[in-house]
Amino acid sequence: IVSPPVCGNELLEVGEECDCGTPENCQNECCDAATCKLKSGSQCGHGDCCEQCKFSKSGTECRESMSECDPAEHCTGQSSECPADVFHKNGQPCLDNYGYCYNGNCPIMYHQCYALWGADVYEAEDSCFESNTKGNYYGYCRKENGIKIPCAPEDVKCGRLYCKDNSPGQNNPCKMFYSNEDEHKGMVLPGTKCGDGKVCSNGHCVDVATAY
């Protein structure tokens, strides 16, 4: 059963152009609260691309860029709504070829080390990642049926993340994070560059052309 639209309930329903509540409570200068229609001369009553009852000018930014792989969206000048959030395609090089776009982000190991440990912590030397071939409680590439699968030699940069700590008072060339509560935390993130033209996918270092 579909209830008929009710003007004044602050829900935009079928047949309504706006709904700002009852005439006594309406705070929207663009909307006629008695009819739930836009007032004469108004193009819109709400939305990220609605300013003073008019569509925002074409090109007005309505959603900021979150990363190099997630460009800003801009109003069209024909609608009160911001266009859908779109990303650059997965696999597009980013951050001066240090990474590849993945779902709107540019995952690189340096940023992941920074998120875990803060400043002065960087991606560790390749030798540190060899521990991921052990298949022990922390050094592995993925889990299958609860069993930790060791990394193949070519996949070691798609398992546990290793960082080099250069912060004051620290000298840890192979710093890693492990938690029993969250075993995924401290693993290299999917989509991270693991070699030239290669990214991490399901614990494997694969060609970026075939990953997506």
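Placement of Cβ uses the backbone N, Cα and C atoms for every residue, glycine included.
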From the candidates Cys31, Cys36, Cys82, select the one that Swiss-Prot records as forming a disulfide bond with Cys62.
Cys82
Cys7, Cys101, Cys128, Cys158, Cys205 filtered to the disulfide-bonded residues whose C-alpha is within 10 Å of Cys18 (disulfide bond):
Cys7
Based on DSSP, tally up the residues of the domain 'Disintegrin' (4-90) by helix, strand and coil.
0 helix, 15 strand, 72 coil
Residue from Cys101, Cys113, Cys128 whose C-alpha is spatially nearest that of Cys69 (disulfide bond), among the disulfide-bonded residues:
Cys101
Cys101 (disulfide bond): which of the disulfide-bonded residues Cys82, Cys94, Cys113, Cys163, Cys174 is the nearest Cα neighbour?
Cys94
Give me the Cα-Cα distance between Cys26 (disulfide bond) and Cys113 (disulfide bond), rounded to a whole Å.
50
Taking only the Cα atoms, work out how far Cys200 (disulfide bond) lies from Cys128 (disulfide bond), in Å, as a whole number.
17
